[in-house]
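*Asks:* Take a look at what TrEMBL says about it:
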TRANSMEM  B:21-40  transmembrane segment
TRANSMEM  B:60-77  transmembrane segment
TRANSMEM  B:84-102  transmembrane segment
TRANSMEM  B:108-129  transmembrane segment
TRANSMEM  B:136-156  transmembrane segment
TRANSMEM  B:176-199  transmembrane segment
TRANSMEM  B:227-247  transmembrane segment
TRANSMEM  B:259-277  transmembrane segment
TRANSMEM  B:284-303  transmembrane segment
Amino acid sequence: MKISRVIKTTVLAASIAGSVSLANADSYHIGVTVPSADHGWTAGLMWWAQQATDELSEKYPDVSFTVLSANSGTAQVSNVEDLMIRNLDALVILPYNPATLQSVISEAYAEGIYTVVVDRELETPAQDVFLAGNNPGLGEQAARFIAEELNGEGNILVLEGPPIPINSQRVDAFNRVMEEHPGINILASQNTDWNPQRALSVTEDLLGSNPQVDAIWAGDDDVLVAALQAIEENQRDDIQLVVGGGGSQAVIEMIRDDHPMVKGTVTYPPNMIASAIALAVHGVKGERLGDMYHGVPSRVILAADLITADNVEEFYEPDAAY
Amino acid sequence: MNLSQQAKPVGERVVQRLRQIPISTSILAPLVALILLFVVSSLASEYFLNTRNLTNVMRQVSYTGIIAIGMTFVIIAGGIDLSVGSMVALVGVIVLYVVNAVSDPIQAVILAMLAAVVAGALFGLFNGLLVTRGRIAAFVVTLASMSIFRSLALYFTNAAEVSTRNPFFSDIGGGFFMGLPIPVLVFFGLAIVTHVLLFHTPYGRHVCAVGANPQVARYSGIRVERIVLSTFVIAGVCVGLSAIMLTSRLNSVSPSDAGYFYELDAIAAVVIGGTALSGGRGTVWGTVIGALILGIINNMLNLTGVSPYLQGLVKGGVILLAVLLQYKRTP
């Protein structure tokens, strides 16, 4: 009994001690925290965060990184609190939701930590740099492409994301463009949580209740793949066009291989976190970017690029996680 | 001769005294696990014993810890409450609406706190009535109300985060008193009050009796339905307190995110603390220790920079080990 308890205790101790990384005395310590990999895009985010910190810590030996992820906004508040204990020089954060993280990011910024906020903007700015993709641009580009391909006439389905501001920015911009095209009729606009399983059943239901559908817009490329499966399983040949959002390698390959339905997607690149980490490295050292005459800009908005058969090669990167 | 004859009753008396103290073996095991974890953590990271880190950990723990205390009562009485996480979101939304609706800032904060406790109690009453009057299993009732509460929180806010400019609100959850964050003081204060309620009042004995065997409890004259109902109300009030602390610390509430997975953290804290999931026995102190163990694990993983992919594995493993340490498994 006693011995077995000792063994259990040792295992407990070893399981923790074994996972400890050596504390080292680098001159710059950069903390990164992102939402955990709960769907394709966030998995890509995590992959790129790891990739960028590996590459950059090799290139700049005086910089070390800690990458954390959180499955909720409140868990991410704890992440930031824990990072701040560790003599942080810079913080790169993709906030799970901005208002929840507002006060703790403000605390970090007020302490003089070089702060880069990615993708989701704070109501009261508390950062050195804000870097994001173009959410309204994503919806807009997708809408223009669909309207053009359908010659302004047709019935479409919209597969939305979860009820968060990013999704409303995309869908609102999409709907604004579609208002200019009275011939296009949005049959339904449904939440899929950007989750492939949920998207599969939602698309099945929507296809079942709408006998004539010309095009589908999926606000996320994983959702697009699920929607395709629903289309195939229901043997529907009325759908001419499926457009995505995000720019996953799976969908880029379909466009590259001249898929009969999937003809376009719009980038919302998860490697924005990699660029944000790179900006933090230069920003915290007070360096300029390339040949620029200024320091790191305070606001960087990445373009929302429409990917079609014409330019697909530029975006093809078979190794990436998304 | 004389000495040993005298010593024996003294020793027996000491042992008897020790047995009377509510710290039994079932609580000693989690305590040992906590101390071990504490020692290992302070060896593993130079930052762990930093005062600011320790107060951070305690504050991080207090939101789910307060809820776990309420959950302890529900579980001891033989129930379960899966709705607490969603309830945090809904109560949090109500708190922020009240704070923003009342013009006098101090009145607004006081009314919001009252509203949180009342709303929590009412939601708990809703769960409890469905369990006792509706005769539906607690698991099913709270599974449904989990969905209902979250959905209402999303509907009232259109899924948008709600924040406030009230100058005093953030002083509650973000404030300090005697060097300790206020949520931590509320957590420990609540633990003391509920400990007395559970072990030194007839009510507490009735809760245990109902959980151990409802039929026997009914025959001995305990109003079983009323006791079960009251445990859900206690859980609701705890959720109300937690929602005040959480929303005021963050100065905002996110209806899709607040309290996300809190039900699982609360249940894990209760179980690690030695409360039987089948009901009948359990302690508040065990739950407090369980919550602290969970908090220290999270903190440790962040401080040492364990791969984010592996954090769940380490956390799950330590939970299993902590529970293994305390149950004498029969061969």
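Backbone N, Cα and C atoms are what each Cβ position is placed from, and that goes for glycine too.
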*Asks:* Return yes if the transmembrane segment (B:84-102) and the transmembrane segment (B:227-247) have at least 3 CB pairs under 8 Å (sequence gap of 6 or more), otherwise no.
*Replies:* yes
*Asks:* With Cβ distances under 8 Å as the criterion, find the stretch in B:108-129, B:136-156, B:227-247, B:259-277 that has the most pairs with the transmembrane segment (B:176-199).
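*Replies:* Looking at each of B:108-129, B:136-156, B:227-247, B:259-277 in turn, the most contacts to the transmembrane segment (B:176-199) are made by B:227-247.
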*Asks:* Rank B:136-156, B:227-247, B:259-277, B:284-303 by Cβ pairs under 8 Å to the transmembrane segment (B:108-129) and hand me the top one.
*Replies:* B:227-247
